[in-house]
Each structure stands twice: as C-alpha cells, then as structure tokens.
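The block underneath contains the structure these notes are about, expressed in structure tokens.
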Amino acid sequence: MLQIVGALILLIAGFAILRLLFRALTSTASALAGFILLCLFGPALLAGYITERITRLFHIRWLAGVFLTIAGMIISFMWGLDGKHIALEAHTFDSVKFILTTALAAGLLVLPVQIRTIQQSGLTPEDISKEINGYYCCFYTAFFLMACSAYAPLIALQFDISPSLMWWGGLLYWLAALVTLLWAASQIQALKRLTSAISQTLEEQPVLNSKSWLSSLQNDYSLPETLTERIWLTLISQRISRGELREFELADGNWLLDNAWYERNMAGFNEQLKENLSFTPDELKTLFRNRLNLSPEANDDFLDRCLDGGDWYPFSEGRRFVSFHHVDELRICASCGLTEVH
C-alpha cells in the first residue's frame, strides 16, 4: 500500500516537473524567437521610424514618399525588365517582385484623400495623428525591408554564403515588406469605414445603446479596441456638444438619443401629462409605453429619474407624478412632506 502511495506521489511530482520544464522551454523559445525577429527586422523598423520622424519634423513626409516611390519604381523596372541587378536575372520573380511592392507603396500615397474622407465624418488629422504617424512609419519601413531583400543576394556573392539560404532570406524580407504595406493599407481603410459607419448610424438611428454598439464596432472592424473606443467617443462627444445628441445614463448603460427626435417625442408626451393632475407609476408607464425605444430596464429608470416635464410627489396614497403645468394646484406639508390637492 505504501509503495502504491509513493508511486502516485512520484507520478504527480513527475508531471509537475514536466509541466514546469515545458513552460520554461516555451518561454525560452518565445524569447529566442523574439530576439531573432528583432535582429532580422529591428534595423529596418528603426530606420523607418527615424525617417518618419525626420520627414515629419520638416513637414515633407508625403513629398519624400513621392520621390522615394518614383526612385523605387525606376530601380524596380531596371532590375525586373533590364536586368541591372548583378545578382538577379531579368523577367524572373526574383527581380520583378519589387515592382509589385513599389506599386503597392505608391497606392499608400493616397493618404491625403483618405484623410479628407475621414474628416467628412467629423474627425480632424489631430484626432488620428498617432495612426497617421504609424502609417508613414510602415511606408518607410517597407522600403528599407525591400532594400534588405535586394541586398541579400549580394551578400551571398561577397561573403561566399549559401545562395539558397540568402534567397530565402531575401524572400523573407520581401514578404515582410509586402505584409507591412498591406497591413498599413488595411488599417487606414478600416479606420475610414469605421468613421463612416459611426456617422451613418448616428444619422439614421435615433436611439442607441452606447455599450452594446461600441462592442459591435470593436468586433466588426480590425482595429485596436482602444482606438475604436477613442474614435467613437470623439464623434459622439462632438455631436453632444453641438446639441445634436443626448446621452442618458440609465439602468443598463448609457443611451444615445437624437436630440430633435427626442424633443418631438417628449413634447407630445408632456402635452398628454397636462390632461390629468397626477399619475401613479403604473398609469405613467401605460401612458409613456416605450416611447423612446429603450430596453424595459432603461425605460423604467428613465421614467423614475429623467422626465423633465414634471416631478414625483409623495401623496397619502403613494408616489404620483405631476406635470409642472399643475404644480400650482398642489399643497406640500412643511412638516411631513406629504402632498395634497388644494
């Protein structure tokens, strides 16, 4: 019996040790992979970042990108069609592939048009300055990655390194440049679609649950959740400050209501309140129904706290809602606070 117990203890201890070793190996492998990626792509990323900072300082990011793209396109055609690259043959994938990435980089230079489209939704370049900086950083980084890809075959010739190994290295750098350009393009497109969707929905939907709709936006667009939330808050804050939108903090979250639509609905309701002197909670709920298309919990909370056409008063038979139109007909006891009609 003791031997069985001892064997079980050793077995459990063995599994625990193996688990710890697996975690240690996984952490070591992850750290090693990160170090290798940093060594391979870190210099190009750093060069792209520095170039973006310098060109931004002199306000020539877009213009420098135009000249760089023109030069890159000329060189790419010289390599791909004329065979000017000493290590690459003309009319092959190895030489022609640079034309593809340079053409894609040229497409990224339509950023000013993209920004104008985004501005139509209410954002300013300052609102998305970090995203624009990252966009240009990716643009310049892609060119440095293409330069690394083009130089890889020359390293094989100069240092007698395996041409096959350097071919794969060059392809890896080129793929990294392609992915970088595609990622930058996808991010600015997603940002444009996001701002357009927010503006269109705020125009078309008079009532929105802020939390649920924000969650939907974060799931639908391939952007960081913090960025989506920041854009969303910026656009709704602008409309609230302009008086186009109202925000109510109710039982199940914040609700956004179109101000003109809200005023029309509540004006009709306030007129109905004048027909009777007072209303019980059930009578008020029946009269109001779901006039604002809120959830049941939010609707009850709105009736309890947010009605602006009257107020709740304590009568001997319970709480009753009285329109401000009839307030002069009430008498409130100074000692007990009860309300009665005089």
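One is the number of the first residue shown, and numbering goes on along the chain from there.
Using the three backbone atoms N, Cα and C, a Cβ is placed for every residue, glycine included.
Please treat TrEMBL annotations as automatic predictions, because they have not gone through curation.
Among the features that TrEMBL reports, transmembrane segment is placed at 7-25 (among others).
According to TrEMBL, the feature transmembrane segment maps to 31-50 (among others).
The transmembrane segment annotation in TrEMBL covers 62-81 (among others).
Here TrEMBL flags 96-113 (among others) as transmembrane segment. If one looks beyond the transmembrane segment (96-113) by at least 6 residues along the same chain, the residues whose Cβ comes under 8 Å of a Cβ in the stretch are 62, 65-66, 69, 72-73, 75-77, 79-81, 132, 135-136, 139, 142-143, 146, 149-150, 174, 177-178, 181-182, 184-185, 188.
Counting same-chain residues at least six beyond the ends of the transmembrane segment (134-159), those with a Cβ under 8 angstroms from any Cβ of the stretch are 41, 43-45, 47-49, 51-52, 55-56, 61, 65, 68, 72, 79, 85-88, 94, 98, 101-102, 105, 108, 111, 165-167, 169-174, 176-178, 180-181, 183-184, 187-188. Under the heading transmembrane segment, TrEMBL lists 134-159 (among others).
Non-local neighbours of the transmembrane segment (165-185) in the same chain are 40-41, 44, 94, 97-98, 100-101, 104-105, 107-108, 134-135, 138-139, 141-143, 145-146, 148-153, 155-156; each lies 6+ residues outside the stretch with a CB under 8 Å from one of its CB atoms. Residues annotated as transmembrane segment in TrEMBL: 165-185 (among others).
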What parts of the chain pack near the transmembrane segment (62-81), using Cβ distances under 8 Å and only residues at least 6 beyond its ends?
51, 55, 88, 90-91, 95-99, 102-103, 105-106, 108-109, 111-112, 136, 139-140, 143, 146, 150
